[in-house]
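To start, the structure under review is shown below, and the notes come after it.
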Ligand code: ACO
């Protein structure tokens, strides 16, 4: 990767009468950054930023977010345009390679993905070790990590062909793995991939086809699935992506680094939010109970939060939520579920929260998870599978970001520092004197 930051001046940090000059760098879009890489060497002091709210951890050319204005771009293209006009494999190609594919490039890419959808049969035996009622994310974390054992060549991250192959394998095998996780939970036979179907159709078929009856993939449902994948494909340096980069920065196997990303995505503050949001909508149940839940969310002594609202970066409408909202209406219309009370609750909750002073003042808008759970539920996925579907979609972002890091000449092993506030140095006390 060619580093492209530009010189944008100097920042002065003054401590105890001494001034330290730090370079300021600019990128294509977004705020400038103060380059503090040499700050410790020069001053003997660290910067302190738990949660990284003011820290850029890397230079990246993949995704840009302007949270104040609700903008999300992949390689410069707005997410709304990609969701409306592109397919998920096309977006994968774009994210991995930097440019939209030509017709023949896309066809070659699709063909190559299809050549790698099968799992090693040995991998199926891992499932026997899991309880039938295991959380799907526990199985995904374990099996993605286990896949590393089948592709030892991918450890050679210096080799561009190994990096490319690892990316294709991950994107191709994730749907097969995720569908097997669902089938294992259901106690049904695994369904193998079919190369005559599109990426989204094949995934739906592996999830919902049973030996007694073929699953007829509705093109509109396949489109909604494909759009869900596009909307979750990448999101710059979020917690799971930063985890993948950090794990990979030691030279770890790419499948193991992605398994670390899966583990991070599991939590309810990140990928687990759509499951939590759907639970909350069911708990609210009817429109007349919404005010009670809004009050709970505002009450500082109550830990309850309105799931699907708020975002670390977006302080405006999450642009993915706008597309997801449309998709939810389309899917429920198609399945004849549009009068479902849950959709009414969601729409009314959104309206009331957007008008409420507390949410307006804190800039808490619906995020992508607010509507995605409704769609996935309507398609027929159990709630526990929602974060697995998010992982499937985010795999391309994780591997693209990892590959970008591996070829960044400024890359070093990630090693944050700390401010220590524990016990001061003291002498060991022998057991009989304590
Ligand atoms: N409901 C009620 N109040 C909220 C909510 C919410 N959903 N989100 C934030 N707030 C309040 C906080 O209580 C806090 O109030 P205070 O300043 O009076 O203390 C203020 O808004 C800021 O909140 P933080 O937690 O500091 O914001 P942060 O950026 O750390 O958190 C997060 C972002 C985790 C997404 C948070 O908004 C949240 O918990 N939302 C619900 C979970 C959710 O939907 N997560 C999905 C994220 S999107 C994704 O991962 C794809």
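The count begins at 1 with the first shown residue.
Cβ coordinates come from backbone N, Cα and C, glycine included.
Residues or ranges marked as active site in TrEMBL: 311, 369.
Cα-Cα distance from residue 369 (active site) to residue 311 (active site): 10 Å (rounded to the nearest whole number). Counting Cβ atoms from all protein chains shown, residue 369 (active site) has 28 others lying within 10 Å of its own Cβ. In the structure as shown, the Cβ atom of residue 311 (active site) sits within 10 Å of 24 other Cβ atoms. Classification of residue 369 (active site) by DSSP places it within a helix.
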